[in-house]
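Asks: The structure's right below; bear with me while I get my questions together.
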Amino acid sequence: MVFRKLPGVSASGMGLRLSQKFVFLLFLSGLVTLCFGALFFLPDSVRLKRIFLSKTEVQPVTVGSGSENDVREHLKRPKEPEHTRGMTPGKGETKSRKPSVSNEATEERMAGGKAQEDLTLSRSKADSLMERVSDADHDANSDTFNFKKFQGCLLKPALGRDSGSTADPKNNDRREKVKEMMKFAWDNYKRYAWGKNELRPLTKNGHLGNMFGGLRGASIVDSLDTLYIMGLMDEYNDAKEWVQTSLDLNSNGEASLFEVNIRYVGGLLSAYYLTGEEFFRNKAVELGEKLLPAFNTPTGIPRGVINLGSGTSWSWGWASAGSSILAEFGTLHLEFVHLTELSNNPVFKEKVMSIRKLLNKIEKPHGLYPNFLSPVSGNWVQHHVSIGGLGDSFYEYLIKSYLMSDKTDEEAKKMYYSALEAIEANLVQKSPGGLTYMAEWRGGILDHKMGHLACFSGGMIGIGADDGAPEKRQHYLDLAAEITHTCHESYTRSTTRLGPEAFRFDSGAEATATRLSDRYYILRPEVIESYMYMWRLTHDPKYRDWGWEAVEALEQHCRVESGFSGIRDVYALTASHDNMQQSFFLSETLKYLYLLFSDDDLLSLEDWVFNTEAHPLPIIRKSCLQDEITEEKTVSE
C-alpha cells in the first residue's frame with residue numbers, strides 16, 4: 001500500500017505492517033469507547049457532560065445552604081429569600097445566608113464521602129427502572145384499590161352529618177369567618193399568582209422558589225382538601241381542573257424530598273381519598289416513583305435533595321458532613337404506606353420500613369434521636385436533639401403510623417413511647433414561673449429555647465395519651481395541656497398576640513423571644529394545631545377561645561389588601577410584612593382553625609390522621625377491607 005509522505009516523518013516510520021495497523025486502530029477505538037462509556041454511564045458525571053453536551057441537555061444543579069439552627073425539618077421554615085419552609089431564617093431578613101453553591105463545588109467540598117456515594121448512585125437509574133417495572137407488574141397482577149370498599153370502612157362520613165356545622169350559632173359564625181379568610185386568600189392567589197407556588201400579596205405577584213424541583217402550583221395542591229371540606233366547590237373545581245390539566249410532574253430540577261412529599265404527595269393523596277377522583281391517585285403514585293431514587297444509598301436512608309428528572313440525589317450543603325435530617329427521612333412513612341395501598345406496589349412501604357429497621361438497630365444517646373444521620377455509614381453525625389426544627393415530625397409520624405395502622409403497628413408504638421420517655425427525662429423542663437417547655441439538647445447541654453415548630457407537640461402528646469400505659473394516660477394528657485398552655489403564653493406575651501419563631505426561658509425571660517432574629521411570624525400553624533387536638537380531646541372551651549384570639553390577630557396584623565402576609569416582629573406596634581402568603585397557611589393554619597370551630601365528626605379522628613402538612617389520610621383497616629372483599633366473592637358465587 002502506498003502512503004502519502006507526511007512532513008517530518010520518515011518513510012520507514014510510515015511503513016507499518018497490516019497487523020500493526022490493525023492493533024493500533026483496535027486500541028484507539030477501545031480507548032474512545034471507554035471514554036464515552038464513562039461519560040454516559042458513570043453516575044454524577046455532571047462536569048464531564050458539560051464538556052460535550054449542550055446547556056439545554058444538562059443543567060447545573062445548585063444546593064441550598066443555610067445553618068443547622070435555621071432549618072426546618074419540618075423545616076417548615078422558609079428559605080430566604082424565597083420563604084420556602086426548608087431552610088432558613090430570613091423571614092425577618094435578619095440573618096445572612098451562605099451563597100448557593102453549584103453541584104461541582106459541592107462535589108469537591110464533600111469529596112471524602114462522595115467516592116462511596118458514587119458507587120451507590122451508579123445503581124440508582126437501574127434500581128429506579130426495576131421499581132417501575134415492579135410497579136407495572138403489580139398493577140397487572142393485583143386487584144386495584146377499590147374506593148367504594150374504602151368508604152365502607154369509614155366509621156363516619158368524611159364530612160360529618162352536616163358538613164361539620166355545630167349547634168352553637170356563635171361558634172358557627174366563627175367557622176364562617178375562617179371560611180371567608182380562606183376564600184379571600186385563595187381569590188387573591190388565583191388573581192395574582194395562579195399556577196405559581198405562592199402569592200406575594202404586597203407586590204401582587206407569584207413566587208416559585210427552588211424547593212420543589214420545578215413543580216408548580218404548591219398553593220393549589222395544598223389547598224385542595226381545605227377548599228373541599230369548607231364547601232368552597234367553585235374554588236375546589238378550579239383547583240381540580242388545574243391539577244388535572246396543568247400539573248406537570250416531568251420537571252428537571254432540585255427538589256426537597258421532604259417538602260415534595262408532604263405538600264404534593266400528601267395533598268394529592270388526601271384529595272383522592274376525599275373525592276375518589278382517579279387522576280389524583282395516579283399523579284400521587286407517579287410523583288412517589290420519582291422520589292424513590294433518593295433511597296439508593298448504602299444504608300437506605302434517603303438524601304434530602306433529589307433531581308426529579310434524573311433521579312440524582314444529594315445531601316443539603318448545610319447539613320453536617322453530608323448527613324440526612326431526622327425530620328426529613330422520618331416524615332415519609334404515612335404517605336409511602338398509602339402509596340403502597342393505592343398502587344399495590346410494596347416498594348414504597350419497604351423503603352420506609354428499611355429506615356425504621358436501621359433506626360432500631362443503632363444506639364440512641366440516652367434514648368434520644370439526634371437530628372443528623374449519615375446516609376453512607378448509618379451513624380449519627382451530631383448529638384443535637386430537638387423536638388422543633390430538624391426533629392419534630394419524626395416523632396409525630398411514629399404515633400400517627402400506629403394510629404393509621406388501626407393500632408396494629410406495634411413497632412411504631414414502642415418506638416414512640418420509648419422516645420417520649422427519653423424526651424421527658426432529658427428535654428421537658430419547668431420554668432420558675434411554672435411553664436412547661438421542651439428544651440433542646442446539644443451533647444448533654446440544654447439550650448432553654450423552644451421553637452414555634454415544637455408547639456405541635458402538645459397535640460401530638462394529646463392524641464397519643466389514650467394508648468400509653470394505663471397509669472400514664474392522664475399524665476400524658478396533662479403534659480399535652482401544659483405545653484399547649486406555654487405556647488399560648490408565647491402568643492399572649494407579644495404585642496400582636498401572635499407567637500415568635502422561637503422563645504426562651506433564660507436570663508429572666510419566659511415564653512418570650514430575646515433575639516431579634518426570632519421575632520418573626522410567618523403564618524405558622526403549630527400552636528393552632530394543638531388547640532384543635534386539645535379541643536377534640538377535652539372539649540375545654542378555652543381552646544376555641546384561644547383559636548378565636550388567633551383569628552383576630554391574623555385579621556388585624558397579617559391581612560393586607562391582596563392576601564395574608566407574615567410579619568417580621570410580633571412585638572412591634574406597626575407591622576412590617578414579609579410579602580409572603582405561605583402555602584401551608586392555606587393547608588394547615590386555616591384548616592385547623594376551621595376544624596377547631598367544627599363538629600368533631602368533620603374528618604373524625606376515629607377515621608383520619610393528618611400528615612404534617614395537615615392533609616387527612618385515612619386509617620387503614622385491613623380487616624374491614626378484607627371482609628369487604630370476602631363478602632363480594634361470596635355474593636358473586
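Note that Cβ sites are derived from N, Cα and C of the backbone, with glycine treated the same way.
Relevant sequence annotations retrieved from TrEMBL are reproduced here:
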ACT_SITE  GLU259  active site, proton donor
ACT_SITE  GLU501  active site, proton donor
BINDING   THR612  Ca(2+) binding site
COMPBIAS  69-85  compositional bias 'Basic and acidic residues'
COMPBIAS  106-117  compositional bias 'Basic and acidic residues'
DISULFID  CYS455-CYS487  disulfide bond
REGION    63-121  region 'Disordered'
Asks: Pop the Cα-Cα gap between CYS455 (disulfide bond) and THR612 (Ca(2+) binding site) into the table, whole Å please.
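Replies: Given the Cα positions, THR612 (Ca(2+) binding site) is 13 Å from CYS455 (disulfide bond).
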Asks: Let me spell it out: for each of the disulfide-bonded residues (CYS455, CYS487), count the other Cβ atoms within 10 Å of that residue's Cβ, using every protein chain shown. Which one has the most?
Replies: CYS455
Asks: What's the CA-CA gap between CYS487 (disulfide bond) and GLU501 (active site, proton donor) in angstrom, rounded?
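Replies: If we compare the Cα positions of CYS487 (disulfide bond) and GLU501 (active site, proton donor), the gap is 11 Å.
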Asks: Rank the active-site residues GLU259, GLU501 by how many other Cβ atoms lie within 10 Å of each Cβ and give me the one with the fewest.
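Replies: Each of the active-site residues GLU259, GLU501 was scored by Cβ atoms within 10 Å; lowest is GLU501.
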Asks: Between GLU501 (active site, proton donor) and CYS455 (disulfide bond), what C-alpha distance do you get in Å?
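Replies: That separation, Cα to Cα, works out to 10 Å.
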Asks: Is it possible to get the count of other C-beta atoms within 10 angstroms of the C-beta of THR612 (Ca(2+) binding site)?
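Replies: I count 28 other Cβ atoms within 10 Å of it.
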Asks: What is the separation, in Å, between the Cα atoms of GLU259 (active site, proton donor) and CYS455 (disulfide bond)?
Replies: 20
